[in-house]
Amino acid sequence: MKVVATLALLQLYISATADLVTAEVSGNVSSETALSASPGDIVVLPCYSAGKVTPVVTTWTKNGREIVTGGDPTRRLIVNPDGSLNISATMPGDEGIYLCNSTLSDNSSFLARVLLQVTSGPENVSTSISPATALSNGTLYTDRGSSVTLRCSGSSYPSQHLTWAFSGDSSSNDSLVSGSGSSLEFTIQNIQPSAQGVYSCMAHNPVSNVTVISRTELLVYYVSDRHPECKWTLTQNISLVQFTCTWLEVYPTPNLRWDMGPLQVADSLNVTMSRSTLSDGQTVNCTAQPQHLGPEKEKLCSFTLELPFPEGEPMVSALEASNVTLTCTETTSKPPAITTWRKGLQLDNIESGSKYILSLEGPVFKLTIVNVTKEDEGFYFCHSENPLGLRELEVELTVKTASSAYTGAVIGIFIAALIMGSAVIIAKIVYNSRDRICLGGFGQVDDDSGDVLSLVESDDEQVFQDAVPRLPPITNGHHTTLVQIHRIPSSDHEDAETADTSPQQQEDTVQTEEPVQLVEF
């Protein structure tokens, strides 16, 4: 935007100045007038204006030199009949001190002094800011962190005075730099959003007191290094959920879009979804894109929806008249589930009171039942629900009386004692029968005859060479197996028989003992 003093306003200013400077003629009286004009203006320098008396002779000098004038209307300098000097098409160089000397009809003279100043501009005042990009409305923008140079230029006669000023959110028309000349530059290093605002270049002509102002609005664009933030908000209706996508520290306002919605220009974008449009394991994305950058600068945030999954002990027992705590843990739900405790098949909602105490420790939801009775026995449900759906943990509570607890303990002790007793009896039986076990080979005891059948490999025959006759070798080349049959009398029968038998009978028995029998396989 430029503010320029027009030629018409300047002419009015010159005329008003000339009218204010007048003098009455009383002998030799002089007057002084100061005028300013722009190149091309028509200027009238007054001489004698006290009355309607026409001077007889009028001469004009400039800076001590007489001005050559004439009556030819085509000349640029003409002396009017009233003695004033008319200058048409004023140009630089016409400035100076003009002196008028008029002789009146009564031979009196009048002296008038006029100071003429020729000024031009400021004009052609222009500004430039780089690096910067122009928008359709003429506003410029640059990126945060850039080094920006502001340049202002214009023409003026005499030399102009230039000033850069800034007006922003936190300041108003602060002067940045000033100087004289045809141009003025100012550099901002590492520009920040606080430097966003209107920059004004003021060109001032100190002679004509004319000021021209050129204004340019500069925006500072920036994009946050962080990704947008996705979050959810539960509503009073548990089957509905509001998703919110927010991307702050971005200018201008970014473009945001949820997967299920249109693109919108906003810092924060909300969308409300119902249970019918959501599913377990579904991934929800929000895409954010700066307005002044391409798709390659897109950023997104997302989360995966999950149904609640309450976990805990499905069966709990408690003694009558004690306190029992049921626990339920829920950590997987996205969005978070609303978890409550319910009782019975009618799913009656449980609230804290003298009977029930509800508490929360992190993800663990606790239900404490005070002074448990048989009436408290039954099913309890940990009820977890989020916008995706409902899941429940079923907990069965069994209440036992004190007598039943003691009975169980007695039965347990009895069973343990029975097992221990059986183990002792078996061990004693095995110990008493140890002499019936033949080690070093495979044997079988005949209960009726008391014979022991021992199998000995032919490779071991050498051990029994002295006690057992050696058999002839077999022509087929196979190993020979010897079987020795020993008759071992029972100790119980032997003791009884020995007692009832006379020494002679015992001697006969010893003499009639059967020889060792050998069997070949």
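Going from the start of the chain as shown, residues are counted 1 onward.
Each residue, glycine too, has its Cβ placed from N, Cα and C.
Pulled from TrEMBL:
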COMPBIAS  499-514  compositional bias 'Polar residues'
DOMAIN    23-112  domain 'Ig-like'
DOMAIN    131-214  domain 'Ig-like'
DOMAIN    310-398  domain 'Ig-like'
REGION    491-521  region 'Disordered'
SIGNAL    1-18  signal peptide
TRANSMEM  405-427  transmembrane segment
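In the predicted model, the domain 'Ig-like' (23-112) shows an average pLDDT of 80. The DSSP breakdown of the domain 'Ig-like' (131-214) into helical (H, G, I), extended (E, B) and coil residues amounts to 3 helix, 51 strand, 30 coil. Assigned with DSSP, the residues of the domain 'Ig-like' (23-112) fall into helix, strand and coil as follows: 0 helix, 38 strand, 52 coil.
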